[in-house]
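S.K.: One structure coming up, written as structure tokens, with questions to follow.
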Amino acid sequence: MIDVDLTIGLEWGNCDFGQVEVEKAVDVAVRFAALPELADPVVPVSVSIKLSDNEEVHALNREWREKDKPTNVLSFPMLDDDELDALMEGTYDAPEIMLGDIILAFGICKAEAAERGIPVAHHATHLVIHGMLHLLGYDHIEDDEAEAMEALEVKALASMGLHNPYSD
């Protein structure tokens with residue numbers, strides 16, 4: 001099981017999305033990314049997740065992606081492609097593994113959930129799964145990559161009884 005270092009901002013206080021829900025989303029993402037090495041790791045594996053606000057995510061998006069606007073989720077992977085390949089092959093040699101950081105923006109998450117008519121917690125679950133897949137090497141820059149990543153997200157969410165966010 002992956003150790004989740006979770007920080008919850010005040011805005012997130014009333015949406016029933018906390019440590020248990022975040023850990024479940026992380027575990028489901030790992031399972032559907034088909035990484036058994038991370039489901040039962042032999043060394044400590046961790047991820048840092050912050051449930052924050054639009055302002056902080058906006059600042060990070062501007063600084064790291066040169067996009068001057070907030071977004072729903074940002075991911076900051078710690079492992080490069082070679083390290084991810086070694087991890088998947090079971091040859092990654094380190095005393096511990098830090099996958100990276102994920103940060104969600106409450107205001108955008110809440111607005112997107114309202115647009116879809118779903119609870120904030122359901123949408124946040126999707127965004128954590130999406131962020132985890134980025135940390136595990138998935139991307140959606142090219143159409144084929146986007147289709148593969150979305151398919152994993154849909155399957156992961158369905159396993160949790162949650163709707164397909166791409167069928168709207």
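Glycine residues also receive a Cβ, built from the backbone N, Cα and C atoms like all the rest.
Those TrEMBL annotations? Automatic predictions, nothing curated.
Below, the features straight out of TrEMBL:
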| type | residues | note |
| --- | --- | --- |
| BINDING | H130, H134, H140 | Zn(2+) binding site |
S.K.: For a quick check of packing: other C-beta atoms within 10 Å of the C-beta of H130 (Zn(2+) binding site), how many?
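M.R.: Within a 10 Å radius of the Cβ of H130 (Zn(2+) binding site) lie 25 other Cβ atoms.
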S.K.: Which is it, of H134, H140: the one of these binding-site residues whose Cβ has the most other Cβ atoms within 10 Å?
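M.R.: Selected residue: H134.
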S.K.: Helix, strand or coil: which one is H140 (Zn(2+) binding site) in, per DSSP?
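M.R.: The residue in question, H140 (Zn(2+) binding site), is coil (DSSP, three-state).
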S.K.: What other residues of this chain sit with their CB within 8 A of the center of the CB atoms of H130, H134, H140, the recorded Zn(2+) site?
M.R.: V73, S75, G131, L133, Y138, D139, M149, E153
